[in-house]
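S.K.: I am attaching a structure below and will ask some questions about it afterwards.
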Amino acid sequence: MPHSPLISIPHVWCHPEEEERMHDELLQAVSKGPVMFRDVSIDFSQEEWECLDADQMNLYKEVMLENFSNLVSVGLSNSKPAVISLLEQGKEPWMVDRELTRGLCSDLESMCETKILSLKKRHFSQVIITREDMSTFIQPTFLIPPQKTMSEEKPWECKICGKTFNQNSQFIQHQRIHFGEKHYESKEYGKSFSRGSLVTRHQRIHTGKKPYECKECGKAFSCSSYFSQHQRIHTGEKPYECKECGKAFKYCSNLNDHQRIHTGEKPYECKVCGKAFTKSSQLFLHLRIHTGEKPYECKECGKAFTQHSRLIQHQRMHTGEKPYECKQCGKAFNSASTLTNHHRIHAGEKLYECEECRKAFIQSSELIQHQRIHTDEKPYECNECGKAFNKGSNLTRHQRIHTGEKPYDCKECGKAFGSRSDLIRHEGIHTG
């Protein structure tokens with residue numbers, strides 16, 4: 001009677017002899033703990049998953065669902081893992097681990113291109129482990145390194161992503177990224193990690209220790225990878241180049257975001273209104289429109305903003321700071337966008353043209369205001385008397401009639417006015 005299969009493990013394509021060898025090695029890898037679902041599951045990041053073809057994706061889904069079903073049938077799994085729930089709903093498996101992947105981004109940057117190229121070239125097959133063979137204890141075959149040969153420069157190759165290593169210890173350490181193994185524990189804080197170096201790095205969060213200091217600007221960092229990334233600001237190094245247009249970037253994540261301009265891909269969709277974005281950060285900010293959340297509040301006047309950058313820009317109104325200076329005329333501005341618009345004055349550039357009368361404007365906001373002349377639209381209405389205006393500034397000026405506010409004082413005689421134009425007219429009396 002043939003053995004009944006219990007666990008199917010997807011792995012990179014190999015010859016029958018190699019498959020048989022891996023099967024034997026797998027049986028020798030029996031450990032002292034019961035089989036858990038994580039022992040026979042494989043995680044993919046979004047980038048890795050998108051490199052698989054339809055057949056490979058289907059095989060992965062079938063094997064994962066079969067493995068879980070078999071574990072349940074012999075009483076080895078009581079709760080349903082999140083990845084199984086996603087697969088049963090027809091969703092992508094990498095969604096369950098997005099936050100983990102994001103957290104490892106700095107460590108995996110150098111692996112990004114190697115993984116993608118390797119996964120595009122490789123195919124999956126299955127190793128079948130029977131109930132009788134396995135007893136009740138196994139470990140994934142991916143943890144079994146290949147035999148080292150003297151002729152190979154980097155003999156230790158990861159069968160999941162194709163990355164190669166000079167040393168067995170590096171290879172084993174790398175495998176824990178795929179399998180989520182965490183052998184190193186920070187006893188003081190009760191958190192586990194896949195590498196000893198990550199324990200040290202985590203402890204620095206609590207101690208505040210930042211041993212990596214930039215000699216250029218003095219800024220300090222808790223881990224070497226963040227320090228290396230920071231140094232690119234000073235060196236101008238941009239190692240990640242777009243093969244489509246040649247534009248280069250400091251970080252792998254920035255290249256990935258940029259490439260979506262060429263592909264038109266917008267994977268982050270708002271479930272409220274359906275609007276899609278190329279970056280998760282853009283979606284995160286967009287959601288605040290629906291929730292009304294404005295977490296960044298000005299301590300000076302209480303005005304709140306959806307973005308931190310908007311708060312910083314606003315605060316310059318109180319401080320009078322204008323860090324963006326025009327090199328052509330010396331005029332300074334409180335925001336980069338205002339300086340960009342100002343540059344168009346020198347260039348004579350007017351990008352925004354009215355289709356009704358062909359009048360052109362430097363800024364889009366000026367065009368929008370101008371178009372209200374043609375449409376007679378007056379969106380700014382006074383709550384006090386109902387009078388409407390085509391500009392927000394006109395409404396503000398009008399409301400001072402009701403409030404009696406006169407913020408513009410004459411320095412010569414102290415008389416106050418409700419609008420700047422009235423003050424300028426008055427000052428003409430003193431100058432003659």
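The backbone N, Cα and C atoms fix where each Cβ goes, and this holds for glycine too.
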S.K.: Given 132-154, 408-430, which one carries Swiss-Prot's zinc finger label?
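M.R.: The listed stretch tagged zinc finger in Swiss-Prot is 408-430.
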S.K.: To which of the residue ranges 71-93, 324-346 does Swiss-Prot assign the term zinc finger?
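M.R.: It is 324-346 that Swiss-Prot describes as zinc finger.
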S.K.: Looking at 33-55, 240-262, which one does Swiss-Prot call zinc finger?
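M.R.: Of the candidate stretches, Swiss-Prot labels 240-262 as zinc finger.
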S.K.: For the zinc finger (352-374), which stretch among 240-262, 268-290, 296-318, 380-402 has the most Cβ pairs under 8 A?
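M.R.: So the stretch in question is 380-402.
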S.K.: Just to be sure I understand, if DSSP states are collapsed into helix, strand and coil, how many residues of the zinc finger (212-234) fall in each?
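M.R.: Secondary-structure breakdown of the zinc finger (212-234): 11 helix, 4 strand, 8 coil.
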